[in-house]
Amino acid sequence: MARGIFITATGTDIGKTYVTALIIKRLRETNINCGYYKAALSGAERRDGKLIAGDANYVYNIANIKGDPNDAVSYIFQQAVSPHLAAKLNNVEISMERIKKDFYSIKNKYDYITVEGSGGIVCPISTGKKKIMLDNIIKIFKLPAIVVADAGLGTINSTILTLQYMKEKNISVKMILLNNYNHEDIIHIENKGYLSDNLLIPVYTCNKNANNLEIPVEKLIEIYEEI
């Protein structure tokens with residue numbers, strides 16, 4: 001049976017894709033067959049008449065995943081707006097059935113699957129005939145989660161608010177990862193210490209522009225759960 005994890009963040013442009021790529025890369029370097037999936041992506045580039053799923057393309061390149069990155073994303077939009085608005089602008093009805101079909105297709109190819117969210121945890125995927133929130137996708141696939149947060153000023157507030165929302169939605173958070181971490185920045189050091197001391201969730205860091213995660217592979221494997 002495959003194992004999975006969901007990567008979310010405290011907001012947009014925090015570094016979900018970057019962290020996701022490094023996690024998958026770390027596992028694949030130890031011969032773990034780990035794949036990638038994303039339900040909806042906006043802000044795609046158009047090349048030669050085709051939309052390119054930039055996040056997926058980045059992950060595939062960094063983690064050395066073979067195949068077409070676009071196949072790992074159910075809905076790809078050019079406009080750099082939230083998925084529900086992009087769907088409106090393109091007259092597209094986002095379907096949970098298609099998301100499920102694509103997810104299970106990816107799941108059948110890999111032993112481990114890493115699912116990346118869109119924006120922060122409170123993200124409308126569809127406001128059409130059937131309302132879909134990001135947390136609906138997490139719960140349907142019974143995925144635990146990693147929360148990516150920026151290491152800098154304000155992260156205590158945004159991280160705890162994110163965790164509170166996820167607790168209300170009964171989503172299991174396995175790890176907090178502080179991105180852009182600087183070991184010499186007193187704010188970063190204090191933020192990590194505060195979160196570590198006040199939460200019952202492991203807190204790890206990712207240095208800015210790091211090529212690898214300084215997290216033991218065993219710890220990463222532990223947080224993936226059977227799905």
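In case you wondered, yes, glycine gets a Cβ from its N, Cα and C as well.
These figures come from a predicted structure and were not determined experimentally.
Going by Swiss-Prot, these are the annotated features:
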| type | residues | note |
| --- | --- | --- |
| ACT_SITE | K38 | active site |
| BINDING | D13, I14, G15, K16, T17, Y18, D55, E116, G117, S118, G119, N179, N180 | ATP binding site |
| BINDING | T17, D55, E116 | Mg(2+) binding site |
| BINDING | S42 | substrate binding site |
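Secondary structure from DSSP puts the residue listed as 'substrate binding site' in coil. Apart from the site residues T17, D55, E116, the chain places the Cβ of I7, K16, T20, A21, K38, L41, A56, Y58, V59 no farther than 8 Å from the centroid of the site's Cβ atoms, the recorded Mg(2+) location. Residue density at G15 (ATP binding site): 21 other Cβ atoms are found within 10 A of its Cβ, drawing on all protein chains shown. By the criterion of other Cβ atoms within 10 Å of the residue's own Cβ, the least surrounded of the binding-site residues G117, G119 is G119.
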